[in-house]
There are 2 protein chains.
Amino acid sequence: MNQNLTKRIRNAGLLEKVMSADDAVAFIEPGMTLGVSGFTIAGYPKVTAAALSRRADTGEKLDLTVYSGASLGDEFDGELTRKGVFKKRIPYQTNNDLRNAINAGKVGYFDMALGELPVWIKNGILNHIDVAVIEAAAIDEDGNIIPTTSIGVSNTYVEYADKVIVELNTYVPEEIEGIHDVFSPQKAPNTEPIMIIKPSDRIGTPYIKCDPSKIVAIVESDVPDNGRAVAAPDDEFKQMAKNLISFLENEVKAGRLCNPLPPLQAGIGSVTNAVLDGLQTSNFEHMTVYSEVLQNSIFELMDSGKIDFACATSLTLSSDVRDEFFKNFSRYKDKIMLRPQEISNAPEVIRRLGIIAINTVIEADIYGNTNSTYIDGHRLMNGVGGSGDYCQNAGLAIFITKSTAKNGTLSSIVPLVSHIDHTIHEIHVLITEQGAADLRGLDPIDRARTIIDNCAHPDFRPALHAYLEEAIECCPNKHKPVNLKAAAAFKKQTNK
Amino acid sequence: MNQNLTKRIRNAGLLEKVMSADDAVAFIEPGMTLGVSGFTIAGYPKVTAAALSRRADTGEKLDLTVYSGASLGDEFDGELTRKGVFKKRIPYQTNNDLRNAINAGKVGYFDMALGELPVWIKNGILNHIDVAVIEAAAIDEDGNIIPTTSIGVSNTYVEYADKVIVELNTYVPEEIEGIHDVFSPQKAPNTEPIMIIKPSDRIGTPYIKCDPSKIVAIVESDVPDNGRAVAAPDDEFKQMAKNLISFLENEVKAGRLCNPLPPLQAGIGSVTNAVLDGLQTSNFEHMTVYSEVLQNSIFELMDSGKIDFACATSLTLSSDVRDEFFKNFSRYKDKIMLRPQEISNAPEVIRRLGIIAINTVIEADIYGNTNSTYIDGHRLMNGVGGSGDYCQNAGLAIFITKSTAKNGTLSSIVPLVSHIDHTIHEIHVLITEQGAADLRGLDPIDRARTIIDNCAHPDFRPALHAYLEEAIECCPNKHKPVNLKAAAAFKKQTNK
């Protein structure tokens, strides 16, 4: 047996559970529900997915319901979609093939706030977890599991599953042990307070508690996370970052924000990565992060001494920086922490810390409703993800989008969004490359004018103002006037 | 001086601040921002409002911005609207004249989640509070204020206002002292955990801390709250209650809910009052309440031994039961508690306690989006109120509505709601007099079928199913198909 593998299995009794992935997936029966590790393409099972794919190749209909933390890599979500393995996926995805299968009505999908999922698992709201499949860096003397680059819902899946398959990943350095802080509140009525008052507070264990008798298989992997490349910031991204910084600076000056800033949260993706990147040029110091994902830009801000500490539930690095990151891991180890998503996305902590939440949307309307999931109201992109947990409870809920889409031919600011994920009650500030609109305390018509003048692209401002003035004129109610027909016509009129 | 009044002012130095309401309102200048006590027509200033009204009668343009806890009685919100006193009201209202003035564009209004307002006041997000006007039952030796039938944001207004006018209400028995528990977390970055693990936990003081030098006037009042009559439950309300009870019973049987139940929250109004009333006939015992308002039905459930303890931020009794309630106050005193709305509506506590949140909506769509504020998308009714705080964080977020409106001529279940306050991500269960639809974990199309079959009125089911099937057929995406034209046509087709 591979020595690098065996030394990571510190419970001698578990060595006999080491087997091939093909043998391990024999514990997974058709129709079962799996709870798998993985969050934003970090720390998900890879060789187990490949073994399931091979089973599907034999013609077996697996029909699996798979719950995860969030999005998984193409080796899982893409591959198993292409092989027709999924009956249903919960709670979030970003894979092109999976997205297409969902939109075709071939794979079921339930899109939900990520922080709520562990609570539902504990209370039996969703299916019983037959098998948990968890990527690990090691197993300790007592059978407890040291996770890799994410925690997500893994601790809860391990607790509630009948059986556990551990995918031991030797690519991830053993030194990762110690960055995890696993605290799992009991279910109501015995739920305890989450005693975090700053991002670096340690309240749990550095491992996922696991009864070793539950572990039915341990399979070896050395496959790194398939983190996608992050787009280099273009001029519009850079301008969005500048607008964010100048808004935050102004808030500090006005005494509405403390300095050092409250912890930052930023959603996954190139846009938020680029905007965080822009903070390099700001004067903010001693920043901290309380988020669901740590991306490239966070570590660059650590390197430059801007960020003191960052916690999240996943560590999502693009492939081009990953090896270098792990080579220099000791530089970051005492500045980062991974938590279960029940904690990283906990309303309690988000409200308490007064978090600055920065999330992207597809489109926003003039009143401040935002759409982050469905193009044209019916074509699913990803899912609401953690933005629900954060924006509803943040001290400052900021949504960002470019003012136009499709090479400037479509306005991202519209009279009425085609689908709503976050209502007017959950947005504080909208930022585009054009500027920032602070909506707090404003009446609907003032919100509309502020959004049009500060955030819409100048090419579309006349049409948006015309829509608004007509709605004010025609609608019998003048507080939040709407004109459904004109709103529907807006897209056509403004398509260049 | 009235002895009943003077003995309630236990700080001798403050006796000299007693004056007429007309003298007291001289501290209020045109254009000022007031922070006033009052929540769901409980504990609001009455004689001060009358004095402001008299000032308006002289032709003075007061242009006041008024922040409260929530809705105030007609003596305040109605009277001062009729006299043109308001420039802007925040954060909630239920008064007919005020509503009409807002819809006419004559009074500004910002509708927001109630639990967030105190946090905004502390951080200076809204206007500075020039004068706080607070109804009180007494002032203690140190100048601290004993509130009456609500707390709302009073503690924060007192803390941040330049001046405080106390309206000492001798109608409210002095025995009310002791039911309040005032805890006001510091603002970020120093916010503390809210250490409540059951509704009866006491974490603060029985008074609102107040520097006596801030109190510029004390005026006498003996006017009771103008609580509106509660409609007697009709057959449909009773059936909604039965559907709720049978849903909850089933959840307990399935192990998804503990018994005794987690604390209940129910929004203000006849519908929720009637539905709570229905719990009299259930087998649930030792129920508790963690809510924003305690209505008639809560005390009836205490009388019958069903409810052990109830806390909220207001005590809203209809006029017909109010005197009797205060006569028997000792029977309830150790079973109730009033908290600031920052605590009663705290995401932290709501999630921790796994609260069962029951709120009414105007309409729901087949995917589960709900509208609780705007008829036809533009005619404001009340506001989102506390439902935002609760449904986003509750263990069980239940929305209730009758399946039809306008004497059965309109379906409350529609293809697309005309305004969204709570998205598909924030509803767990929809209940009408027809039945209950448990939406947790369901794909959009399954949600639609469940809602139509269980919640829509049988008269409207064929048209709703026809809409859905056509949308599935015509929409290029099959996960959450929509057909905007057919949705718009639905209302006309189904109007009988």
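Count begins at 1; order follows the chain as displayed.
Glycine is treated like the rest: Cβ placed from N, Cα and C.
Copied from TrEMBL, the annotated features are:
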type	residues	note
ACT_SITE	B:Glu292	active site, 5-glutamyl coenzyme A thioester intermediate
BINDING	B:Gly267, B:Ile268, B:Gly269, B:Ser270, B:Val271, B:Ile362, B:Asn382, B:Gly386, B:Lys406	CoA binding site
DOMAIN	B:14-220	domain 'Acetyl-CoA hydrolase/transferase N-terminal'
DOMAIN	B:324-467	domain 'Acetyl-CoA hydrolase/transferase C-terminal'
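Features recorded in TrEMBL, as mapped to the structure shown.
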residue  : record                                                    : DSSP (3 states)
B:Gly267 : CoA binding site                                          : coil
B:Glu292 : active site, 5-glutamyl coenzyme A thioester intermediate : coil
B:Asn382 : CoA binding site                                          : coil
B:Lys406 : CoA binding site                                          : coil
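With a cut-off of 8 Å between CB atoms and residues at least 6 apart in sequence, the same chain places nothing near B:Lys406 (CoA binding site). Measuring Cα to Cα from B:Glu292 (active site, 5-glutamyl coenzyme A thioester intermediate), the binding-site residues that fall within 10 Å are B:Gly267, out of B:Gly267, B:Gly269, B:Val271.
The maximum pairwise C-alpha distance among B:Gly267, B:Ile268, B:Gly269, B:Ser270, B:Val271, B:Ile362, B:Asn382, B:Gly386, B:Lys406, the residues recorded as binding CoA, is 26 Å. When DSSP labels each residue, the domain 'Acetyl-CoA hydrolase/transferase C-terminal' (B:324-467) comes out as 49 helix, 36 strand, 59 coil, counted as helix, strand and coil in that order. Cβ-based neighbour count (10 Å, all protein chains) for B:Asn382 (CoA binding site) stands at 19. For B:Val271 (CoA binding site), the number of other Cβ atoms no farther than 10 Å from its own Cβ, over all displayed protein chains, is 23.
Counting other C-beta atoms within 10 Å of each candidate's C-beta, the binding-site residues B:Gly267, B:Gly269 are led by B:Gly267. For the residue listed as 'active site, 5-glutamyl coenzyme A thioester intermediate', other Cβ atoms within 10 Å of its Cβ number 30. Per-residue pLDDT, averaged across the domain 'Acetyl-CoA hydrolase/transferase N-terminal' (B:14-220), gives 97.
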